[in-house]
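Presented below is the structure to which this report refers.
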Amino acid sequence: MISSDSRSSPGLARWAESYEAKCERRQETRENRRRRRNETTCRQPGKVLRTQHKERLQGARQLQFLKRRNLEEEKKGQAREQGPSSKTDGGTGQVSILKESLPGANKASFPGQQETGISSEVFPALHHSSSGIQRDLGGHHASHGRAFPPQDSDIKKPHRQHRGTQTKAEEALPTIKNDASQQTNCGVAVLDKDIIQLSEYLKEALHRELILKKKMVILQDLLPALIRASDSSWKGQLNEDKLKGKLRSLENQLYTCLQKHSPWGMKKVLLEMEDQRSSYEQKAKASLQKVLEEKMCAEQQLQRAQLSLALAEQKCQEWKSQYEALKEDWRTLGDQHRELESQLHVLQSKLQGADSRDSQMSQALQLLENEHQELQTKLESLQGDGEQQSSETQDLQDQLKKSEEEKQALVSKVQQLQSLLQNQSLQLQEQEKLLKKDQGLPVWNPKLSLDEVKPEGTRKEKEEELRDQLQKETFQLQVKENELQCGQWLPVLMVVIATALAVFLANKGNLVI
């Protein structure tokens, strides 16, 4: 059963469309995508030509280097180890096509050369053209072998699922036993097996379409190389025709020369040509020696450059490590800078608080100075009052002495009164004991005479009077003691105030200093 894809149908209208409409819409989107031009910044023609030219030059240099170093056998062994996957069909096909299109490039046998025996060194243009074509073919083959190895391997050996045109529904779904069916919007019943087969066919078609797109991309990349190869073959054929014409003209000239000149003259000409040939060979040997020397120098320079490159890489790594260390130091310094900035803000806030406190302290100092002046005035007034109070204290001391004498007299009187009270209390206790004894007798007359009652009443009155006198005298003594205490504390207070003022003035002098 095909589930509706939420990514392909974001709107509510697509939910209501039929299966055929969905298929048509998807086919249209595929066609639109397929018709797009597959040109990007990495597939620009000028850039491709430049890269291919560079790769061609590099491949030719590498081949010469390998020939001189005798490293072709190692390269063949590596190619054998890589297996047949590295050998692409596109490259071999291209080389075979170009070889077929150039029939005269490799067949460089001319009748004039066989008859006259002239060596091929006299005509180097033909060899240069054929070697250039072969280099072009090798460069194209190498560039395409490097650029598209996985795609060519896919084309050579496709997967088994891509070979067939149909898939077996029984192998895909072995668990389905009952043929279930579904009803479409038109009312036609369709089996689930058919729907699954259709979905598999669609998947297979999409996969084949992707493979065809890849093949089209590869062919598009191979097309400019084939065009260039055809141009080079056409130019080679033109050069070959030109060379053939030159050879014919030279043969005609030689024939005319043979008819005009004698064999002795021809021998002289041949001797001169041999001398020229030997001189040319010597010059060629000298040039080859120079080239070999230049090659050795270039190899030495290359080795030096490689050594300098290795040293530069080591230095680069060292600089990288130093850069990373400096980066970490910079981060730590940044953190420290931020911490110091935060501390500076805190100190600025503290300084502002200290300034505000300083202003408050200055205001408080002015207030204290004002209070000091007021206290000085008060001290002067208090000193005058102290002199008066000293005279008053002397008077109070005299009064205190008098009051102490009176107090001693009163104390003696109180002691006498207390002794009298004790005696009276003892007498009363004895009388109570006697009364209790009289009550215990069998005959008791409760009536008392007036003479006995009166002394008891007089005693009670006397006791009350004595108590009142004691209370009055004690109250007077307490009042006098309080007055004496207040009189004693006044000079003490004066002394304390004077010491406080002296301490304040001393502290003020220290602050001013």
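Every residue gets a Cβ built from N, Cα and C, even glycine.
According to Swiss-Prot, the topological domain 'Cytoplasmic' annotation covers 1-485. Per Swiss-Prot, region 'Disordered' is recorded for 1-96, 130-171, 381-402. Among the features that Swiss-Prot reports, compositional bias 'Basic and acidic residues' is placed at 17-31, 69-79. The compositional bias 'Polar residues' annotation in Swiss-Prot covers 386-397. Residues or ranges marked as transmembrane segment in Swiss-Prot: 486-506. The annotation topological domain 'Extracellular' is assigned in Swiss-Prot to 507-513 on the grounds of sequence analysis.
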Exercise for the section: Kindly report the helix/strand/coil residue split of the compositional bias 'Polar residues' (386-397) according to DSSP, in that order. Expected result: 12 helix, 0 strand, 0 coil
Problem - For the topological domain 'Cytoplasmic' (1-485), mean pLDDT (0 to 100) - result: 70
Practice task
Please list, for the compositional bias 'Basic and acidic residues' (17-31), how many residues fall into helix, strand and coil according to DSSP.
Solution key: 13 helix, 0 strand, 2 coil
